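Heads up: the structure comes next, in structure tokens.
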């Protein structure tokens, strides 16, 4: 961590700076101290050593505050360092997503908090902790296994166990069953290296071989041991293992083994993470599509889902804000297309299922989430709610942009907010199946009290969506009903945080699944941009990626 050009608060020497990181609770909104750097004495250009290690969640808005102090007391109590104009050197607010989503995961912001003073600049950098992310892919075969079935041969399968520190074993993989053979060839399988040996390459791996029985009472054929270090030698005579049944060996003097198992192939690849792609420059483009069908009710009446209550956002605005405020951190220009569907447009009253909320067909982009909300409010005053509820046009709209950029540099997220039963189900399913081949995800939020059974079908969590006999290449749709997130206590901040968390949780895996399907690897992070002028404050934030 580097600091440059800080305010000088001391009369006879330079400042003794320290940086304090605060995180904000989702529910309480209270700021809590998370950690602080060491104090560097008598300098305006300190080189900090200490880093902050935070859990990162793409689907959450993680607010951060960095306060910079000149420490003149040995007391850790910051109350003894008043924040008016004495020892306070400035502060900055941001989200963890802003830091991660910036080019090369490096965010530059000016310090503020002291009226009339230039407090310098802070640069926040993020890097993912380098946990073992290697995946091992291997294939085995066996030869002359014991015959266990009376009327046939054996139906062998293998079970792999990782050894623990206390001498016990934990199951980590089970192969498929190969029917009626004593010389099976199992399919290749992939497993995280940490699951196989927990990072200890010499740790014992035990493999048990069984004959499968329908009633679950599988017959033990034998076992052998190996290690990750041994497996890394690949296909060789060193990776041919005797399968031994200890009980059989005791009973039979001439017993040699119960067959052999051989390693046919072994390959290790590093699994790329969502943050690898974001740090490599992948931009996430956000588009919103809002339902303007008549079933929403007259916007001028309080019973309408589009009613603009001066004291509270309606469901459309709340859902848009909750999701958009998180995704916007990953789009550098913060310009978002906003579309409407199901309305009659002026001046001729034609029905459109793909119209720009700002009225500009050539440039449907709005500036930030406030810009989208403003365009939405204006549209309610100019268009006539009509129908039907057609999704396919807006899905195809975003798909056209996604189809033009399939090199991994951009990924598109479409948020559809709707109140009703879908009218063009067949066309929408076809559009989604086609979009599943593209760098694209779709989020659907259902508002109101309608039945949303069709939306669950589009979600494809249980059964992958298909159209005309063609199965979607990936699951790219996430649906949630807004009513499931309404807090009875009226705490909309907490309920919208839960909604955003649920609808966005699958985006990182969906992005990775597209990249893997196209064998796209993340670019190495671009170098930090050159900033002429005086040196600036730099903070380095270490990140621990967690999805739990």
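Backbone N, Cα and C define each Cβ position, glycine as well.
Keep in mind that what you see is a predicted model, and the values were worked out from it rather than measured.
Taken from TrEMBL, the feature domain 'C2' applies to 1-111, 118-241. The domain 'VWFA' annotation in TrEMBL covers 285-511.
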Secondary structure content, the domain 'C2' (1-111) (per DSSP, counts of residues): 12 helix, 42 strand, 57 coil
Feature contact check the domain 'C2' (1-111) with the domain 'C2' (118-241), CB under 8 Å, 3 or more pairs: yes
Predicted model, mean pLDDT over the domain 'C2' (1-111): 81
